[in-house]
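Below: one structure, written as structure tokens.
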Amino acid sequence: PLKTSVEQLTQYDNLRIFPKPLFFFFYFIFFIIEGAHLACVLKKHPALDSVLHLFPENVLVSGEENIPGLVASPTGDALLKPQTLKTLPFTLNRLTISLQPSLEKFESQLLQLINADCQNTIQPGSDGAIRTVVIQERRLHVGVHNGWCFLEKPQVVVLDTVLSRAEFSAKIHSNASVSTSSQPQILGLRSSLELRLTNHQALAIIFQLEYVFSTPIGRETMLSATSTSRAAFLHSLRWGIWCPFQEPAEWKGEEIQLVLQGGAKPNPHGAMVYSTEMSAKAQSPAPISAPGTAQVIQWHRRMLFNFAHLEMDLQQGGGDSASLHDEGDQLQELPFTPVHAPVITLGMNVPSSCSVSSRSSLAHLFSAGFPDIVDSSGQVAEVLDPTEPLPFDPNREENDLQGNLLVFQFLAFTRIAAPGVGPDWPENIYFTFQFYRFPPVTSQRLKLLTGDKVHPLSPSSGSPGLQLQFRVDDSFLKPGEKRWFLRYLALHAMHIDIWDSDSLLLIGSTAIELKYMLRQCKSAVQALHEVEVLTTDYVGEDTLLTNRDLGRHSASSPMTVHTIVRGRLHIRTGNIGKYRKTELQLYCSIVTFLLWHNNTNVAKKATILLNILKELFLNKPGDSDRKLKCMAAVREREASEDAKTAKVEAQSKKAQLANPSEAKSKAESIANMLSQAITTQHLLYASLGSAEYMEFVLKNPFNVPETVTIHSDDPELSVITNTEEWRYFKALTRTPTPLEENMFHLEQGAPGPRVYLRPKESLHVPLKYQSFLCDHTMALQKETGQKWHPWKIFTFSPQVTFKAEDGKPMAICQVNVEPTPHVVDQTFRLYHPELCFLKKAIRLPVWHDPAPGEPQDVYLKVPGSPSPHIKMFFVMVFTDKWMAAPSQIWQIYVHFLERVDVSCVTGQRSCQSLVLRGTQAIRKVKCFSSHPGEIEVDPAGVFVLPPAAVQELQLKVQPWQAGSRFLYVNAVDVEQQRLVTAWLLCLNVHRPVLSKAFEVCVPVGGGRGSSRKITYTNPYTSSRTFLLRSDHPDLLQFKEDKFQIRGGESYTIGLRFATSQSPGSVDILVYVNNLEEKTEETFCVKVNYS
């Protein structure tokens, strides 16, 4: 007996025992043996800490047990050094629950039973008042179970009721009788559910349907009183399990269907589950002939549960091509289309400027009387063709001594029909753009005049068209800037935004190439551009949800990018050369401004300068001696004035020194004078993102060697210590000074780099100033109403101090930085829901030869803000290694709007309420939508919004295109032409359930088209009026858009199909709606053009 007991004991020598079940271990295994004893040692096993979530507490577990989630050990003991399998992210999409016979009947019967049961809780002697129990919330618990326990606490999500089964593509069915309703209500999860799973056959996903009930609290109830007027309690109604990795695992891309169970049966949650007589009879679910049926999961208590397959979409979070069977290999990232589809920059594909307008339209356009672009002598400027290549000589352009008067003439706009908008949209427009480093421009309101197709633009007064001029000459350009300005004209395209003046909605954007404004020493040039106005739309595709072949849709599928042409803009550009007489007028205007200066000395100098300028420019070129004499006289007068001023300042300083309370200390004055003596000043014109290179000549004045420490008080002003970077900037700036390898010594914790100097030695120290901070006052002055003054200078002076070994300064380099406005290559306006992170990709233009098929995107992630806040920032794109100058500067506006989610079906009207709150002043407001053909706003006209008032708006949404879309609604102050508030409508549009399908053939080419008939029967017993709608009104016309028939009678619908110029096929949906625009039936007509 002892041997047998010892053998039995050795079978459990690898047990990992928790303290609490130790008593039961001895009780069930051992018995009394005379003359024998047992020594037990209880030790901790820290290695189990990382796997304790794989099995519950207080259980006996051996290393030979099959514990899903653990890596099998070659020694046979997986708990000795346990290792967990890798978990992969999965997404559970578009999940719904159908309760039979219908959701309404199921919940009605449930409430009747619960209300009857609650009557038993009424205390004797009460008034007998009925306390009705209502359903407060519907929940679904979803967790991952390995047969021992839940790997994580199950997630609890709230389910919503859905009116139509077309709202979702996946269903979870109850095990009750077959549905008898045509379109029953169902419970659905609108968002996706993230799970982390391990590839193991015994792993299961557990679903538990739970309802939250509430009942009023009174004296007669036995429920405990709380602070609210109703008490809530929970009850489980159904549950089900699914093993996704049991063979064969063919659930990828398929819809999975699971039978939920109820009644008094064991379940992983250990909860009592609701059961009715009808559901209790169907204890075992019917088998389903689909992959994954008849699966069995074994629990640690050896309990068996049969289940069918789940109908939903489960996708791995890393892509479909990732292998689930190789747990040890690193997953390789594959190319994919991001969900936030990229915004295409206009710089990489400038809209075509070739003319597509007919000759009659162009003749009508130029008969409007636009002003001509003429040179200084009155001759019409030479016309350049923007469709032909332009020869360009940079040296010839730089040597041109004339100034440039650049002219932009906005002539006309061509409307292009688009779905959702009327044929007369837009009626009024305005433009926003920025040319070079001039301030941003917001044009005046322009009206589209009547025309055949091309509509000339007209301001409120004056000649037709809008002409804007920009003068660029030596008075505007900084020293050495002319070369960069000519490079800007030769390589850049100017971005233009076109807006609707009435609704303040963005119509689209375009870009025009500026290289046709290069004169090449000609007196004047001009070019006529006809460019497309483009906008980007993002649509998430949707399918017919009742069709199993087409219903495989994932919530994480990428958005489809659509580039829509909203119109064509006719714009004429020109460049007029201006001679020095015009420069004299400019100089005289500046001096005249100085004459009105409050300072008397400035006014005196301005008077002298004005006289000299007149003599300098108006006299003959050969009279050089007189000009020199005049300039010498000016300097002599200025010197005498400066001497008088210096004498007055010296007397003032002497008076200050006589008063000890106002004068500075003598030591500080001496130190300031010595500091100024060793200070060298440089003037720098800096722009955003551009690196300005300079070299400082540092000399050792001593007869002994010195190790100099270089310290900058501003991180934007730094020392170039990398030899390759130094060589790059010397070549870029054509600096002929010598370059030394390894000139600087860098130490960690030192205030700056150090350089060794021999006695009396001089060397060149490379410095770089580069700032990525922008003063937004220049960029936003068009919104704040500030005027732009080119002579207004905002300077600051960072310093670089060169200190000797004793810590005293040897030399100081003071850089006086004068910020200049930067060039904006393109403006992006992004709209996003408030308080949500914006994730957007912007595709880079092709500046060099990239790898084929590999576009480069810039990904943005912007934190959200409350509505209606607007965030503005700049993005600089560099193409060189050392970031000398940005190749592109993007100005990005992010409009955070109030989000409104609308779920609807195509062809059917859905109503949504909005709340508009008044401001501090009374306003006259009108609401506009981006798609007037699909969204109607009530009230439609102008209404008065009192201060601090609340106005309810009714939206009537009737979309014609399925998928996820974004639409906009603006409330505009019609008097001030200002935006009051804006909404972002996130539409989730589904296809309707089709009743019938037809097919028709229509000939291609000219002709009268084709006529057909469809018979429709009124399903009601009373007379009804119906409306006919189509998602392609340009291809299909009805004989009558409205008809009335008696109950049970039939009506013949007359259809007229238009011809097409090209062969192909298209599906046209015909909607039969009632007077409330609710769809009664939907027909699909496939039209084959052959």
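The backbone N, Cα and C atoms fix where each Cβ goes, glycine too.
Under the heading transmembrane segment, TrEMBL lists 21-39.
Per TrEMBL, the feature domain 'NPHP4 C2-like' maps to 360-578.
Look at TrEMBL and you will find 643-652 tagged as compositional bias 'Basic and acidic residues'.
Annotated region 'Disordered' per TrEMBL: 643-663, in sequence order.
What TrEMBL lists as domain 'NPHP4 Ig-like' is 680-821 (among others).
The domain 'NPHP4 Ig-like' feature in TrEMBL is assigned to 828-849 (among others).
Model confidence over the domain 'NPHP4 Ig-like' (851-895) is summarised by a mean pLDDT of 86. As annotated by TrEMBL, domain 'NPHP4 Ig-like' applies to 851-895 (among others).
Marked as domain 'NPHP4 Ig-like' by TrEMBL: 906-989 (among others). Each residue in the domain 'NPHP4 Ig-like' (906-989) gets a DSSP state, and the totals come to 0 helix, 53 strand, 31 coil.
Among the features that TrEMBL reports, domain 'NPHP4 Ig-like' is placed at 995-1089 (among others).
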Thinking of Cβ pairs under 8 Å, which stretch from 360-578, 680-821, 851-895, 906-989 has the most of them with the domain 'NPHP4 Ig-like' (995-1089)?
-> 906-989
Listed stretch, out of 360-578, 680-821, 851-895, that has the most CB pairs under 8 angstroms to the domain 'NPHP4 Ig-like' (906-989) | 360-578
